[in-house]
Amino acid sequence: MSGKLTVITGPMYSGKTTELLSFVEIYKLGKKKVAVFKPKIDSRYHSTMIVSHSGNGVEAHVIERPEEMRKYIEEDTRGVFIDEVQFFNPSLFEVVKDLLDRGIDVFCAGLDLTHKQNPFETTALLLSLADTVIKKKAVCHRCGEYNATLTLKVAGGEEEIDVGGQEKYIAVCRDCYNTLKKRV
């Protein structure tokens, strides 16, 4: 039986990692073997753990290239969990397809859009393959409504790949994005 791909996406501060961690917990409670991964580039909260903004976390294999996952996935692995997929190169798509064909469920969390509203290529590829998409929203940093679907960069230059937290990025709704973008 083929595995299923679930992609959790949305802006920063929308609870993507928290949702991913809840699926890890469900698999562990079900006594299913899991493998958890994060990109080496993301060491904001911890170097070897996936940690949510709320502080919850789980140990993870830290890798640079998606192909490195294969050495950590054992014959009896039932679930693979990957955080911050936007930071991986597009070869993650082929690795995930292989895992699904092997009957392993895969859960991915990551940003869908850059702060310039351009799609992250790796996330877009995974969304095209997904059996289930969970599109998260956040509370808009400016108006306070629970309608934020975009991430706005407020400090640190224009680079689209620039790891950071609240010191660089805020979640905003489209109206507030357009208003604030004129000022930034």
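Quick reminder: no glycine exception, Cβ is built from N, Cα and C everywhere.
Taken from Swiss-Prot, the feature ATP binding site covers Gly10, Pro11, Met12, Tyr13, Ser14, Gly15, Lys16, Thr17, His53, Asp83, Glu84, Val85, Gln86. Summarising the annotation, Swiss-Prot assigns active site, proton acceptor to Glu84 and lists sequence analysis as the type of evidence. According to Swiss-Prot, the substrate binding site annotation covers His115, Ile161, Asp162, Val163, Gly164, Tyr169. According to Swiss-Prot, the Zn(2+) binding site annotation covers Cys140, Cys143, Cys173, Cys176.
Sequence features, as recorded in Swiss-Prot, placed on the structure.
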{"residue": "Gly10", "record": "ATP binding site", "Cβ contacts under 8 Å, 6 or more apart": "Lys16, Leu111, Asp112, Lys135, Lys136, Lys137, Ala138, Thr149"}
{"residue": "Met12", "record": "ATP binding site", "Cβ contacts under 8 Å, 6 or more apart": "Leu111, Ala138, Thr151, Tyr169, Ile170, Ala171"}
{"residue": "Ser14", "record": "ATP binding site", "Cβ contacts under 8 Å, 6 or more apart": "Lys136, Lys137, Ala138, Ala148, Ala171"}
{"residue": "Gln86", "record": "ATP binding site", "Cβ contacts under 8 Å, 6 or more apart": "Gly110, Leu111, Asp112, Phe120, Thr122, Thr123"}
{"residue": "Cys143", "record": "Zn(2+) binding site", "Cβ contacts under 8 Å, 6 or more apart": "Cys173, Asp175, Cys176"}
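Comparing Cys140 (Zn(2+) binding site) with His115 (substrate binding site), their Cα atoms are 14 Å apart once rounded. All protein chains considered, the CB of Cys176 (Zn(2+) binding site) has 21 other CB atoms within 10 Å. Of the recorded residues, Glu84 (ATP binding site) and His115 (substrate binding site) place their C-alpha atoms 15 Å from one another. For the recorded Zn(2+) site, residues Cys140, Cys143, Cys173, Cys176 set the reference point as the centre of their Cβ atoms, and the other residues of that chain within 8 Å of it by Cβ are His141, Arg142, Gly144, Glu145, Asn147, Ala148, Val172, Arg174, Asp175, Tyr177. When each of the binding-site residues Lys16, Cys173 is scored by how many other Cβ atoms sit within 10 Å of its Cβ, Cys173 comes out lowest. Using a 10 Å radius centred on the Cβ of Glu84 (ATP binding site) and all shown protein chains, the other Cβ atoms total 23. Under DSSP, Gly10 (ATP binding site) is assigned to a strand (E or B) in the three-state scheme.
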